[in-house]
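The following features are taken from TrEMBL:
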type	residues	note
DOMAIN	7-95	domain 'Ig-like'
DOMAIN	109-270	domain 'Ig-like'
DOMAIN	275-362	domain 'Ig-like'
DOMAIN	373-455	domain 'Ig-like'
DOMAIN	459-546	domain 'Ig-like'
DOMAIN	553-648	domain 'Fibronectin type-III'
DOMAIN	653-746	domain 'Fibronectin type-III'
DOMAIN	751-855	domain 'Fibronectin type-III'
DOMAIN	859-954	domain 'Fibronectin type-III'
TRANSMEM	967-988	transmembrane segment
COMPBIAS	999-1026	compositional bias 'Basic and acidic residues'
REGION	999-1034	region 'Disordered'
REGION	1046-1097	region 'Disordered'
């Protein structure tokens, strides 16, 4: 059952309601109440019936008016003051008086304006004076180019729309000035003004009193300016004060001053205010014999007048009520009765406006009733505040109490607080606050109750927030965000960058507690915020991602301070992208020698952006700069302008000058060229100087563009003094230092003598010889070279390679010697020696034989371990490829490798033993064996093998080795023989002849075309209609049968037939029954040349 209630206005139009005449007008009035209110209107204080005007309609269940403005209707006819009344059984509520006006766009009358003549330097005001309109127009000024006038200290637009010139200048005549007004529907323009400036001498004398343009300042006559509320606009020409109060009243002084003087103007401000509420009357619900009062207080300047109305009528004009008393701004009711329900209006007004408020007094008697939903569930985070709502109604006003677990809460304070409207506040909710709460409302007419359940949840918090990251562009950045939350509340994790939600994709992926950003880019930089939300709370944490990248290239390259050999270059550093620039590299390019190729010039520390570059003469330079940080190199800057240096003589000498003998009577002088930056001028060439050393010859020279010069007809291996000098069109360069070169060498004419070996061991031999005279070398001694080879082994049965080897000894002195290394022990060697210069080797010495001593053997050729049985290992080996002496035996060592028992065991074998077998204690024990051969010198290098595992490894090795065993080969041969015998027997049975009844029909030859189906099978469906092809006798007397399609049942004694591989019947036989009479009679059994063999079978 709904509660009875007087009407209340819920929505209404503004007091000054301006509408567009091109649209329909809507005057709003909405109200609520029980029963539903009925709406009525007054226009200009008189009753207005919308039903009588076809252009006006009132909306259903509403008081809103729709006024249709269409052709033939003057919208101004509906202007006026409208007031809405909402009435039901308990009274009438009243809206504000709504002044409806139609916006207007008046026509600006055309007028001709004479040019305005004014002396230069004098002030000027151009009036605008737009026609009045509703609403007032917006004013702006434009020049002859239809561009807005730009305001400055000298020129401004006043609040009334006029254009003010502080002083006129000649430049003001260059355009016209037109005032424009933007009305509700149109923009209109006033005829433009033209300014004519007068510049007579008399006027010029008065100019200083107006120029220069004055500066505006503000002050207050009494007290200080309200700085917090004050705002200066329009170059200090406008002072705006916001939130006016009584303290802002007073005299304000505007002072204009320049260097010629000052003037001031006083503006007096008086503060007036429309009414505003101090205490707005509120609705009252009373029961019989209750007392009540409505208070209506409003402030304003001047003080508002309070008027009380009841149901829209002045209190003074309605019948008196002895229980009602008006005392100024208070309306008092005593001992009210059921019929005293009404809606009261309070009107507070002064000369600037009015306020109207509705407040009803409802006299009711009702038992308590709960108005809200029953059995609410309220969730709250621990230590947070929450409210349990229990809206109720009753008259007289019920007393409401809250209970939890049978105990009253909210009465004694604490962290509970009960409000009169039925709400219970729980401050700092704790886990023990969780439970069911009951609200109970009582009055003398009855009782009502409701329940609410409170659940206290664990707050969400981020236990591992994201940390600030510095990531290199192209790498992967990972932010971690781990949170703890109440397990009964689902969470949602979102990420934002710089406050904007991230859109996840292939590069930005959320992985459990991480945000992964792959292939980091510069635009990924920013603040990343992780937000963990539940339905009750949320927790956030932020971290910053800094993207490290190569620096941006330098810009604005500028060349300055040029000299012959240097120039200053200055640049603007680019962004270092969070990695400081460590170095700048300056490169250059020249357009003559290698155009388009950039070369490094010099590098400089990263804190410099202006350096002096060293330059070379006669080069047209262009420069660019790289910035380098820890991440890498920037892109190159844009090239600078070109700079051409002047030419000069060379200041460098050619490098690596040398004289080389190319033939015994020639010498070639060579050198390296100057670099392009060392040429210093055009037509670079070289002057080559030479003469015999230790002679009195004059220097000989030649000038060449080449990088070598050949001298002919020289003596063999003769020293020469050489120097080279560079020269260009600007002059001679410095001479090089003198270099000694030699002419060509010839073949040595003598061989070393007395070649001998003084000391040998198993792998080394010491060689001695007598050197040749230096004159016989015919050149520069390079080395004495020994050629040696292994002639044979001292073991007669061992064949060896006679590959010849050599070794050079670069030694001098009267008794030279050298050591040959890497020899094979226990071998016979031969050798001879030659002397060599840089080009040739001389004749060989006599051949010398020597022997190496016995050494330790090489490892065995092979060493195998086989497992022929589960408990036996078989070892075999072969002797070493290089015994290096006379073998005295073999040493075998082994130990367990997959257990702890036993140590190392050693066995010695004589030299003629090459196998050994041993028993395993169990099949899972593994051994490691090492086998080495021995000579008298010692034990050689060992071969190491592990025994096989008792797995497929062992059986695989056994299967590989079994193929080489005799017994296995014999078994295979026997099986092969049996297979051959079986094949012979089958062939004999197949070739067997005889008579077979086939058909009573006459045989006809088969078509040559194969009658099989395409899938390879035979077709037996029409076998009686298919002709058969007769058999033919082979040359060796055996019967050769053709393929037949006949079924096996058509033949007698059919059992020896043959099948194809797929199981289909072939049907070949030695003979057929009932042959044609023309063919003659055939014996019942064909003769076969292998009959005896068949009989044996």
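Using the three backbone atoms N, Cα and C, a Cβ is placed for every residue, glycine included.
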Practice task
Find the average pLDDT over the domain 'Ig-like' (373-455) in the predicted model and report it.
Solution key: 90
Completion exercise
Residues in the domain 'Ig-like' (459-546) per DSSP class, helix first, strand next, coil last, are 3 helix, 48 strand, 37 coil
Practice task
Compare 7-95, 373-455, 553-648 by their Cβ pairs under 8 Å to the domain 'Ig-like' (109-270) and return the stretch that comes out on top.
Solution key: 7-95
Fill in the blank from the handout: The recorded stretch from 7-95, 275-362, 751-855 sharing the largest number of CB pairs under 8 A with the domain 'Ig-like' (373-455) is 275-362
